[in-house]
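*Asks:* What follows is a structure written as structure tokens; I'll ask about it next.
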Amino acid sequence: MSSISNGSGPELEKFPDAPPSIEVTAPEETPHAGLRSLDHYKRKLPQWRYNLRQSILPLVRWETPYLAWMQDKMRSPTLDTYFAITANLGTHTFFMVVLPILFWCGHTALGRGMVHILASGVFWTGFIKDMTSLPRPLSPPLHRITMSGSAALEYGFPSTHSANAVSVAVYALFALHSPECKLQYSTRLILEVVSYSYAVSIVLGRLYCGMHGFLDVIVGSIIGALISIVECVYTDDIDRFMYTSTWAAPTMVALVIIVLIRIHPEPADDCPCFDDSVAFAGVMIGVEIGAWHYASSGWSWKHPVPGTVPFDLAHMGWVKTIVRVLLGVLVIFAWREVMKPTLLKVLPHLFRVIEKYGFILPRKFFMPASEYKKIPARLKVDNVMPSVSDLPGLLTSIRHPGRGRSVSVGPQSAADAYETLAYREKRRRDSLTNNELESAIGSPRSTSTSSTKRDYFTTGNADKDGAVSQVSGISASIGAANTGSLPTPAQSRVGTYEQMMGQGHVTISPATPNEDDNDDNDNAEIFIGQQNELEEKEMFSRLEKPRVRYDVEVVTKLVVYTGIAWLAVEMNPIIFEVLGLGMGDAGPFH
């Protein structure tokens, strides 16, 4: 049995003896590929969102050749590896591993503040990404360098990495300059330099790796800075509201977060932004409920903030500290490994009953429980936190940090493919318009000048309608600024990059020249190089097939990550005290 969407979305096939799979196909009945791709977002988005998208899209297209020029000037194997690795320091997985340790080591105020800024950054950047549905800068001409296969499947505007990095840096700078900071001047200066370097490295890395444009990182950085400023300025008021009130305060916070999840915009394409937003929304709920309850118990310290986990390295020693961290991580992984399959097995039955009464509010790209019988046992629900089965690969990437790097050129997601086709249509229309203007003018001087510009900027490839691959925009502005003279080498290079936009073909080869020709084959990287322009159906067939997403995954993710946060801030600290891994005689009960 198969369920096919109206020609614009994924085609879903279901087999009786195998888990369902999704195949992305292109529409078949529109006369011209370019018109088809242009119409996709007009049909999928409300009018106001479509208008907003169309007003920002020209900026994304305009900056792409300049990004490619910058990337080409900076590229080297060393920088490829450096920026691909450091990008992991801005990922959700990195923060999900680090944040619980802050709580267990007594840095409760820091951990709580980091949860607030990171969860808010992930949620609101994901909210804007799905609302605007803007693509990443086109590839080609950009080369995308990444260690995460799922990152390129998201929309590009704004950059979540940049929001996370800048919010952490701004929060750290506020903390270093606060009156409570007792660090020596030299130590504070070093940490300031580290904070600035961290933010600059992540933001510059997103540009270097071809994953984002200038607009993406600027807006992402502004969002991150604003979130941290609000957190730092109002943190005392937030704590006073949360920890001096009854259960109504954490309940209200949880309800507000659930409402925000419900109104999260529907994307035009199958984008995983919503999944990350749900995961961090669950973390926020778990932290607020767990911290409120832990602060009102007798297990916590009241200073420096309510709900502080008792900890003193000098009293406990390194051995006990390491053991409690390992135990805490083990408890969190055990919770995830038990609860995720349990919920995925139980919830579909409940959802089918609720669906009969019409209470389920369906979401795009999520299959309702009435359309499937069971969910595959080892379903990878998210990319936020690794499962136990992912640990060997994670350890391998730590031992060989450059091995997981991949460099690709070409469409990697449905958004990439639609933008490639839309830009190709724009190029075709601009070329036809230019030809009509030249024919209308008909003067020898105009013909000679336009011919010179075409010969200088074009690569000799014509599209299927016979129109030369030349676009208005950068090429046109270069020509206007240099009428009667040849463009500068830099202008010529930028114009060449613009002509690459809207093309691409999949191949496999080393991504960048190796500094050591004797490297083994394990370091080979995926490369999708430019060849001939792909037709729409072939382009979509080459994309990575998105997996089937089930309606129960949203609730599953919310419960699992709420539980992870609750364990981190309340249950694990209590377990440490019970097992003798806490402060002992110096603990809260003594």
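Heads up, the Cβ atoms here are built off N, Cα and C, so glycines get one too.
In TrEMBL, annotation is done automatically, which means it is predicted and not curated.
Pasting the feature list from TrEMBL:
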- 1-29: region 'Disordered' (REGION)
- 82-103: transmembrane segment (TRANSMEM)
- 109-128: transmembrane segment (TRANSMEM)
- 112-232: domain 'Phosphatidic acid phosphatase type 2/haloperoxidase' (DOMAIN)
- 207-229: transmembrane segment (TRANSMEM)
- 241-261: transmembrane segment (TRANSMEM)
- 273-295: transmembrane segment (TRANSMEM)
- 315-335: transmembrane segment (TRANSMEM)
- 427-464: region 'Disordered' (REGION)
- 452-464: compositional bias 'Basic and acidic residues' (COMPBIAS)
*Asks:* Quick one: do the transmembrane segment (273-295) and the transmembrane segment (207-229) have at least 3 Cβ pairs under 8 Å, skipping pairs fewer than 6 apart in sequence?
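*Replies:* Between the transmembrane segment (207-229) and the transmembrane segment (273-295), which are separate recorded stretches, there is no contact, as judged by 3 or more close Cβ pairs.
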*Asks:* For the transmembrane segment (241-261), what are the same-chain contacts with Cβ under 8 Å, counting residues 6+ beyond its ends?
*Replies:* 123, 127, 277-278, 281, 284-285, 288-289, 291-293, 295-296, 306-307, 554, 558
*Asks:* Is it possible to list how many residues within the domain 'Phosphatidic acid phosphatase type 2/haloperoxidase' (112-232) are helical, extended or coil according to DSSP?
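*Replies:* Its residues fall into 84 helix, 3 strand, 34 coil.
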*Asks:* Are there residues at least six beyond either end of the transmembrane segment (82-103) with Cβ under 8 Å to its Cβ atoms? List them, or say none.
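*Replies:* Sequence-distant neighbours of the transmembrane segment (82-103): 110-111, 114-115, 118, 122, 145-148, 160-162, 164-165, 198, 201-202, 204-206, 208-209, 211, 276, 279-280, 283, 309, 325, 328-329, 332, 383-386, 401-402, 405, 564, 568-569, 572-573.
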*Asks:* I'm checking region-level scores; what's the whole-number mean pLDDT for the domain 'Phosphatidic acid phosphatase type 2/haloperoxidase' (112-232)?
*Replies:* 90
